[in-house]
């Protein structure tokens with residue numbers, strides 16, 4: 001009897017196991033552009049159900065999106081030391097860099113937009129630079145929220161300035177709801193293809 005062997009290709013789906021939301025710790029920074037990731041997390045419907053514990057130079061909580069536990073991390077270091085917190089959590093949970101999603105502000109993307117990206121340049125972002133230093137690679141996923149570049153050269157002053165009231169309204173009513181939809185979906189479908197599908201999503205401005 002002739003037996004035909006069918007070659008089966010196994011496809012490995014990359015699932016995010018650690019989500020790091022970058023920002024500066026302290027009430028005085030809460031509404032700053034540099035803290036847009038924390039504002040996004042606060043706006044999400046899962047936020048009220050998260051139980052935080054102090055660990056890894058920050059606070060961490062566990063969320064269940066249907067396929068298993070996902071660790072949600074808020075580093076409490078200053079932004080430029082974020083990598084110290086993320087690498088401790090990654091080592092503890094044995095996460096590879098490709099299983100990490102970093103949520104952060106993005107100067108090179110216009111305000112009102114968000115998008116996903118894997119690896120690539122750091123765009124002068126001190127938080128990302130710290131992650132590369134401590135993880136030993138820049139090959140991790142990013143969810144970027146556009147804050148746009150200012151029309152002046154004081155970048156540090158700009159990212160450490162608060163959003164205007166109309167900008168906060170746009171984030172709350174337009175940008176964050178759209179981003180939240182994509183965030184939950186990646187845990188059921190896997191993050192492959194997200195860079196092509198959602199590299200840059202421009203949301204309408206609030207009226």
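A Cβ is built for glycine as well, from the same backbone N, Cα and C atoms used for every other residue.
If you look up TrEMBL, you'll see 34 marked as active site, proton acceptor. Reduced to three states, the DSSP call for residue 34 (active site, proton acceptor) is helix.
Sequence-distant neighbours of residue 80 (tRNA binding site): residues of the same chain at least 6 apart with a C-beta under 8 Å from its C-beta are 126, 127, 129, 130. Reduced to three states, the DSSP call for residue 80 (tRNA binding site) is helix. Residues or ranges marked as tRNA binding site in TrEMBL: 29, 78, 80, 126.
The annotation site 'Discriminates between blocked and unblocked aminoacyl-tRNA' is assigned in TrEMBL to 24. Less than 8 angstroms from the CB of residue 24 (site 'Discriminates between blocked and unblocked aminoacyl-tRNA') sit 32, 34, 35, 78, 79, 160, each of them six or more residues away in the same chain.
If you look up TrEMBL, you'll see 105 marked as site 'Stabilizes the basic form of H active site to accept a proton'. With a cut-off of 8 Å between CB atoms and residues at least 6 apart in sequence, the same chain places 22, 33, 34, 35, 36, 37, 125, 144, 145, 147, 159 near residue 105 (site 'Stabilizes the basic form of H active site to accept a proton'), listed in sequence order.
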Long-range Cβ environment of residue 29 (tRNA binding site), under 8 Å and at least 6 residues apart: 23, 35, 160
Recorded tRNA binding residues, 29, 78, 80, 126 - maximal Cα separation rounded to whole Å: 16
